[in-house]
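Data first, discussion second: the structure below is written as C-alpha cells.
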Amino acid sequence: MIVIGSKGFAKEILEVILEGKFSSSSLLFFDNINNYDNNVLFDKFKILVSFQEVQEYFKLHADTRFTLGIGNPHNRKKLTAVFEDLGGLNTTFISKYSRIGSFDTTIGNGVQVMQGTVITNSVMIGNGCLINLNCTIGHDTKIGSFSELSPAVNVSGRCTIGDLVSLGTGAIVLPDITIGDNATIGAGAVVTENIPANAVAVGVPARVIKYK
C-alpha cells in the first residue's frame, strides 16, 4: 500500500495505518517533491518518487491500495484522480481510538478519521474526506466529498457541509447550518449562519471576508 506524501499529515496517518494488522514491510510512501537519502523515510519505508514507479508497483502487486498523506481538499481530490488512473484504490482508514455511531452512519471511500474523533448516528461523510484529531460531528449531518475538518472542529447536528470545504482548527458550526461547496472557515471561527459556496469566513461570529 502507498501513502501519498511523506511530510506533515503523512506521518500522522502512518500511526492510524499501523494501529491495525497492517504489515509495515508492505507499506510505501510517494513523494516526487522532497528529497531523501536513499529515498527512505524513517530508515524503514521506501519512497516512490515518480508516477511511473507507482504505476509499475500497482501492476506488479495485488495490493493496489493507497491513502492520502496530504491536506488541502483540492490537492487531495487531484491526487486521488491521478492514483486511481494509475490503477490504485483509495482506502478508508478509521482510527480505533475514534468512535463512530452504530446506526445510519455512512462513511465514503478514502476517508480518514483520526484519533479522538466522535461521529454520532445518522451522519453521512463523502469520499476522500479528512476528519482530523479530536473532532465531533453531530447527528443528521452530511459532509460532502473531499472536505477537510482540521483538529478539534465541532460540527453540530443537522448541518450540511458541501464538497471541498475546509474547516480550520477549532472551528465550531452551530446546528442546522449549511456551508456551500469550496468554502473555507478560519481557525477558531463560530459559524452561526449559512455560508455561501466559495466564501472565506472568519471570526466570532463567522463573517464572509472574501470569495475565491
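A Cβ is built for glycine as well, from the same backbone N, Cα and C atoms used for every other residue.
Automatic prediction, not curation, is the source of TrEMBL annotations.
Straight from TrEMBL, the features:
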type	residues	note
ACT_SITE	HIS139	active site, proton acceptor
BINDING	GLY71	substrate binding site
DOMAIN	2-80	domain 'PglD N-terminal'
SITE	ASP140	site 'Increases basicity of active site His'
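Counting Cβ atoms from all protein chains shown, the residue listed as 'active site, proton acceptor' has 18 others lying within 10 Å of its own Cβ. Spatially close to ASP140 (site 'Increases basicity of active site His') yet at least six residues away along the chain are SER122, VAL123, GLY157, ARG158, judged by Cβ distances under 8 angstroms. Spatially close to GLY71 (substrate binding site) yet at least six residues away along the chain are GLY8, PHE9, LEU130, GLU148, judged by Cβ distances under 8 angstroms. On the 0 to 100 pLDDT scale, the domain 'PglD N-terminal' (2-80) averages 93 in the predicted structure. DSSP assigns HIS139 (active site, proton acceptor) to coil, not to a helix or a strand.
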